[in-house]
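To start, the structure under review is shown below, and the notes come after it.
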Amino acid sequence: MLKAQISKVVAGQHLSEAEAAEAMDIIMAGEATPAQIAAFLTALRLKGEMVDEITGFARSMRRRAIPLTTSHPVFVDTCGTGGDGRQTFNISTTAAFVVAGAGVAVAKHGNRSVSSRCGSADMLEALGIKVDLPPDAVARCLDEVGMAFLFAPVFHGAMKYAAGPRREIGIRTAFNLLGPLTNPAGAPCQLVGVYDPDLTETVAAVLGRLGSRRAYVVHGSDGLDEVTITGPSKITCLDKGAIRTYTFTPEDVGLPRANLADLAGGTATDNAAIARAVLSGTRGPARDVVLINAAFALLAAGAADTLQQALALAESSIDSGAAAAKLQAMVAWVESWAA
C-alpha cells in the first residue's frame, strides 16, 4: 500500500502535504508491512523531510490521537525530538517540573527510550510515577496538579505499527520529529529541542501551520536537542506566525559554561537521582542547563517578558521548593489514583 510513496521518495521527489498524510494514514491503519515502513522512513531520512511532509504526517497522527482537554488556558510542552545521541540526563523532563513549579501547567508528551538509555517515561517511572494512565486520569492530573505526562503509546495507539521498524533500523526518522508536533492536548506553547540544527526553522514552520501560539525550537552547538550551556545554541522562535532565528550563549544570562561530560546521564535510576538533586537545589551544571531550558519554556508560555525574568522564575521555582513539591504532588496524585 505504501509502494507509490516509497518510489517517489526514493526518486528524490517531495510529497505534498496531502500525499504525506495519506502515507501516514496507511501506516497508522496497519496497511503497510514492516519492511515498507522501514524503507519509507529510511528513504525520507536520506532525502530530508520537508515542511509539507512533516505537516501532513502530524495532521494524520493528530486526527487519530485520543484528544485531551484541560481547564488550563495556557500550558506548555517541553517534548523534544530526542535522537541526539549525546546520552545526557533527561534535561527537558526535569525542566518540566521547574516550569510547573513556577505556576505554568505542563502537558509533557513523551515516550520510552528509542535511541538513548533512558527516555522521559523511563525516568518518570524511576521517580515513582506510573506513566501509562488512561486519558481521563491524565486530564484530571493535569487539571489538579498542574502537570501530567502524556505517554505517547496511550494516546497514539496506532504508532504501534511503526514501533518495530523504528527500533530495528535504529536511526532517527520522521517519527522523532512527530513527538513534539502531536501533543494530544494541542499545547499552544512549546519548547522543542531538535537533533539537527537544520531542523529548527523547519519544525517552527510546521508548528506555525499547526496553529501553535509561541514556540522555541532549539539546538545546542554540542549536538544537544536542548538549549546547551557548553557553548552557543541556535534558537528559532515562532511567535504568532512570525519566525526568527538567533544565537544564544550562556553568558547572555550570566551562566557559566560547562563541559558536555558534566551533563552526562546513565540508567533511568541514575537520571532520576540527577533530577531529584537538581529539584532539591543542588547547584552545578545540571541545575544550570535545567534552568535555562525551563526559562525558555516559561518565555514560550508568556510567563515572563524577557529571558532574564524567565530565568529568575525558574531559579525561584527550585529555590523555594516549589519544583520539588510539584514532583511530590504528581507522585502522590498518581499513587492515590492507582490505589
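Please read every residue number as a count from 1 along the shown chain.
Positions of Cβ are set from backbone N, Cα and C atoms, glycine also.
If you check Swiss-Prot, you get these features:
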- GLY80, ASN111: anthranilate 1 binding site (BINDING)
- GLY80, 83-84, THR88, 90-93, 108-116, SER120: 5-phospho-alpha-D-ribose 1-diphosphate binding site (BINDING)
- SER92, GLU226: Mg(2+) 1 binding site (BINDING)
- ARG166: anthranilate 2 binding site (BINDING)
- ASP225, GLU226: Mg(2+) 2 binding site (BINDING)
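Here the features listed in Swiss-Prot are painted onto the structure.
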{"residue": "GLY80", "record": "anthranilate 1 binding site", "CB count, 10 Å": "30"}
{"residue": "THR88", "record": "5-phospho-alpha-D-ribose 1-diphosphate binding site", "CB count, 10 Å": "28"}
{"residue": "SER92", "record": "5-phospho-alpha-D-ribose 1-diphosphate binding site", "CB count, 10 Å": "30"}
{"residue": "HIS109", "record": "5-phospho-alpha-D-ribose 1-diphosphate binding site", "CB count, 10 Å": "27"}
{"residue": "ASN111", "record": "anthranilate 1 binding site", "CB count, 10 Å": "21"}
{"residue": "ARG112", "record": "5-phospho-alpha-D-ribose 1-diphosphate binding site", "CB count, 10 Å": "18"}
{"residue": "ARG166", "record": "anthranilate 2 binding site", "CB count, 10 Å": "21"}
{"residue": "ASP225", "record": "Mg(2+) 2 binding site", "CB count, 10 Å": "27"}
{"residue": "GLU226", "record": "Mg(2+) 1 binding site", "CB count, 10 Å": "29"}
Assigned conformation of GLU226 (Mg(2+) 1 binding site) - DSSP reduced to three states:
coil
Please report the DSSP secondary structure of HIS109 (5-phospho-alpha-D-ribose 1-diphosphate binding site), reduced to three states.
strand
So, in DSSP terms, is THR88 (5-phospho-alpha-D-ribose 1-diphosphate binding site) helix, strand, or coil?
strand
Cα-proximity to GLU226 (Mg(2+) 1 binding site), 10 Å cut-off, over binding-site residues GLY80, ASN111, ARG112
GLY80
Pull out the binding-site residues from the set GLY80, ASN111, ARG166 whose C-alpha sits within 10 Å of the C-alpha of SER92 (5-phospho-alpha-D-ribose 1-diphosphate binding site).
GLY80
Between GLY80 (anthranilate 1 binding site) and ASP225 (Mg(2+) 2 binding site), what C-alpha distance do you get in Å?
7
Roughly how many Å separate the Cα of THR88 (5-phospho-alpha-D-ribose 1-diphosphate binding site) from that of the residue listed as 'anthranilate 2 binding site', to the nearest whole number?
21
DSSP state at ARG166 (anthranilate 2 binding site), helix/strand/coil:
helix
